[in-house]
Amino acid sequence: MKTQHLSAQNSLDIEQAQKILTSGELVAIPTETVYGLAADASNPDAVKKIFAAKGRPADHPLIVHIGRLEQLSDWARDIPQQAYTIAKAFWPGPVTLLLNKADDANTVVTGGLGTIGIRMPAHPVFSTLLEASGMAVAAPSANPYKKLSPTSAVHVINSLEGKIAAVLDGGDCHHGLESTIIDLTQTPFRVLRSGPISAKQLADVLGEEVLTPTSHSAAVPGNVTSHYQPNTRVRLVSADELSSKPELKVACLHYSAIETNDNIVSIKMPKDVAQYAHDLYRTLNDADKLGCDEIWVERPPLTEDWVAVHDRLNRAQSKL
Ligand code: TXA
Ligand code: MG
């Protein structure tokens, strides 16, 4: 298949993206978190193409993206009041609500589960498309299974060219990490995946306790340990180890000052957490192309605000 390269600057291209979705084909679309691989959520055959293009197992559920709050009840039932509190505070934005699925919501999207993840994305182009079409869009991150999520159209093209109908180029993604997922199907509510909105921010607007991924052991299909991986092996190391003289040729992502030598390709990372998150996947992608034996990443600070970054780095490192 020839993948069309469309520009989000061009309204005709946005219309074309919408037409492709309506015809049951896949389009990679920018969101404020990462690029999503979109299909019409109400068309099971279209949604099946997502699993085929990514090489993703059929029991790994997808997130449904909506443009209007009224659509929530098309896809979910038994919606607690707190869902609306979160939506009011953070939508459109990078938080996904896990709810019981509506009886007629198709099970291809949910991977056969009784629950469904739903969010309203904040990217203006995606919002325009959702508003104009009235459609709900199923979209995982637009990367092959277990690989790094794409934060630019070029990342998508590099891994999915020829496998999808189109890529809509909307530049770099604002956050660079996937949305926070909060499970509202049981109390206390719990964050299943850390992301740009923290458990504390959610607890603050709800006025109730919200468990974090470290305070429970989540059994989520698709939430496998090894994930978000470049092809080159990733190792998390201390600043001291970074300054050691490695035997191998290593790309080093570091924010502290380090002594470099011939075996080290130094890649300086920002100290600000939002900027670090924004740059992380792109930098790992770039580092992957350097032909190094390993990518070493200086372990970020062990404070609460870095929890989503730690989660992704631990998965990038994991061999499980
Ligand atoms: O920021 C994001 O969330 C991006 C953009 C495109 O919206 N999407 C994204 O989707 O990261 P994906 O499929 O790459 O990751 C979604 C995660 C998966 O680990 C999946 O297993 C989990 O959410 N998930 C989705 N629906 C679920 C459900 N019903 N129950 C449990 N986990 C679910
Ligand atoms: Mg993903």
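Here the Cβ of each residue, glycine as well, is placed from N, Cα and C on the backbone.
Features reported for this protein in TrEMBL:
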BINDING   Thr33, His65, Arg119, Ala139, Ser179  L-threonine binding site
BINDING   Arg56, Thr115, Ser141, Ser149, Arg193, Tyr228  ATP binding site
DOMAIN    11-197  domain 'YrdC-like'
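Between the alpha carbons (Cα) of Arg119 (L-threonine binding site) and Ser149 (ATP binding site) lies a span of roughly 18 Å.
Taking the C-alpha positions, the distance from Arg56 (ATP binding site) to Ser179 (L-threonine binding site) comes to 19 Å. By neighbour count, meaning other C-beta atoms within 10 Å, the densest spot among the binding-site residues Arg56, His65, Arg119, Arg193 is His65. Other C-beta atoms found within 10 angstroms of the C-beta of Ser149 (ATP binding site) number 24, with every protein chain shown included.
For the recorded site, Ser141 (ATP binding site), the DSSP three-state label reads strand.
If you compare Cα positions, Thr33 (L-threonine binding site) sits closest to Ser141 out of the binding-site residues Thr115, Ser141, Arg193. The 6 Å Cβ screen around ligand 1 retains Thr33, Thr115, Ala139, Ser141, Ser179 from the binding-site residues Thr33, Thr115, Ala139, Ser141, Ser179, Tyr228, ordered by sequence position.
For Ser179 (L-threonine binding site), the count of additional Cβ atoms within 10 Å of its Cβ stands at 28 [all protein chains shown]. Spatially, by CA atoms, the binding-site residues His65, Ala139, Ser179 include one closest to Tyr228 (ATP binding site), and that is Ser179. A straight line from the CA of Ser149 (ATP binding site) to the CA of Ser179 (L-threonine binding site) spans 12 Å. Taking every protein chain shown into account, Thr33, Thr115, Ser141 are the binding-site residues, and of these the Cβ with the most other Cβ atoms within 10 Å belongs to Thr33.
Counting only the Cα atoms, the space from Ser141 (ATP binding site) to Ser179 (L-threonine binding site) is about 10 angstrom.
Proximity to ligand 2 at the level of Cβ atoms, with a cut-off under 6 angstroms, picks out Ser141 from the binding-site residues His65, Thr115, Ser141, Ser179, Arg193, Tyr228.
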